[in-house]
Amino acid sequence: KLGEKITQDTLYWRGYKGGTPVQIKEFGAVNKIDFSPVPPYNYAVTASSRIHIYGRYSQEPIKTFSRFRDAAYCATYRDDGRLLAAGSEDSSIQLFDVSGKAPLREFDGHTKAVHVVGFLSDKYRIFSGGDDYSSILWDIPSATEVISYSEHTDYVRCGCASKVNADIFVTGSYDHTVKLFDARTKGSVMTIEHGHPVESVLLFPSGGLLVSAGGRYVKVWDVLKGGQLLVSLKNHHKTVTCLCLNSSGQRLLSGSLDRHVKIYSTTSYKVVHSFNYATSILSLALSPEDETIVVGMTNGVLNVKHRKPEERNEKSQKKRQPAYRTYVKGRTYMPKQEDFSVSKPVKRVLRKYDKLLKSFQSSKALDAVLEPPIMLHTPEVTVAVMQELHRRGTLRSALAGRDEKQVNLLLTFVARRVIEPRFTPVLVTVADMITDIYQPVVGQSAIVDKQFLKLQEAVGKEIDYQEELLEVLGMMDTLFATFTKKRDT
């Protein structure tokens, strides 16, 4: 098995550990989990003939609705988190106040089990879908049926309402189709062929994209283009049962009977992470702030994973800096008479050529002082290094093995400075050595030859000059001799 590639997503989704995940046992298979849209973000779990409300960190239900004659399905919160609607096996739909016990309303009109209920975004109407192949729209205040659609040819098992338009809702059925209904029209306004019995549908918050799950496929459709298929994802190897989006809409999650939850990026539709669980997954939900993932399974176990809030994480990783007062401590201290002050040792920074001389790299040390700034402005440094190399006996090896350009530089420097009295003793030696070393290559490079000639000329001029000076000295000696007084003996 190849090592998996660690991405930002991997690190993010792995953050949903929080120690060991909480396992809560329900009475039957968990067919629906729905988070309340308002803080403290409790969640409703529908299993067997009960609806349990759990707090985010509670192990036991805070509240239970158990007034169902038979199995309950699809308990869903309204946008304000105050009402809860649920379908049931005995074909009725119950509406509960979250703070009450008994149902506020009961809607009768279906002839078979109702597996799907949801609120339209105007908050005053409910849509439902049943095993009698029909979808019905209900008015909450009057508890009456507004309109009924019987277009599906098999069980209606999933649905969702548009957040953008209060008249639009979608249902998915085992007849392999997804239908889009508009409450203002008599029939469906769009039919999408999924190709397998549809287990779950989801509208993006913008209302422009629709996701359907059924068989092994998760398919994404563009509603605005008349239901055009954008992408078909086949990442599960058993039926996909549930879908959900994270709060930013950038990640899509799908759960399946193959025990996996896959997480897709909604820009590339690639799988960015995957969770696996103990048994087949029937329902899943992400809390509104992406802090909790709850998964419901066929064996009635709820698996709850929490993510640590980001801020606390950062604080623990960040090393605590000393407080401000630590830095200003002792600033105002005045020395007493008996105190004596200890100064810090001054750190000496060595020049480049000094470092190289210390490490016995004679050639490099010579290179360092032949750089134009040093050579032009502080020639005494260059000459001092040459003198030191000569003292060490490594000057010859430092001068040898140079190319045309470097010999040219050396000769230029020597020819220019050999006539300065303070440098003459050292540079004459250097000139001798250069002449010895590079004598065999004379005539091969016009540039070097030219510099040799310049050096010869400079030395020639200097000799003439010295001769003239000696003559002058002779003359002066004669003059000085005539000035001396003759002493009487």
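Glycine residues also receive a Cβ, built from the backbone N, Cα and C atoms like all the rest.
All annotation found in TrEMBL is predicted automatically rather than curated by experts.
Here's what TrEMBL has on this protein:
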type: DOMAIN; residues: 333-479; note: domain 'U3 small nucleolar RNA-associated protein 15 C-terminal'
type: REPEAT; residues: 107-148; note: repeat 'WD'
type: REPEAT; residues: 233-274; note: repeat 'WD'
For the repeat 'WD' (107-148), mean pLDDT (0 to 100) | 94
So how many of the residues in the domain 'U3 small nucleolar RNA-associated protein 15 C-terminal' (333-479) end up helix, strand or coil by DSSP?
-> 106 helix, 0 strand, 41 coil
What are the helix, strand and coil residue counts for the repeat 'WD' (233-274) according to DSSP?
-> 0 helix, 23 strand, 19 coil
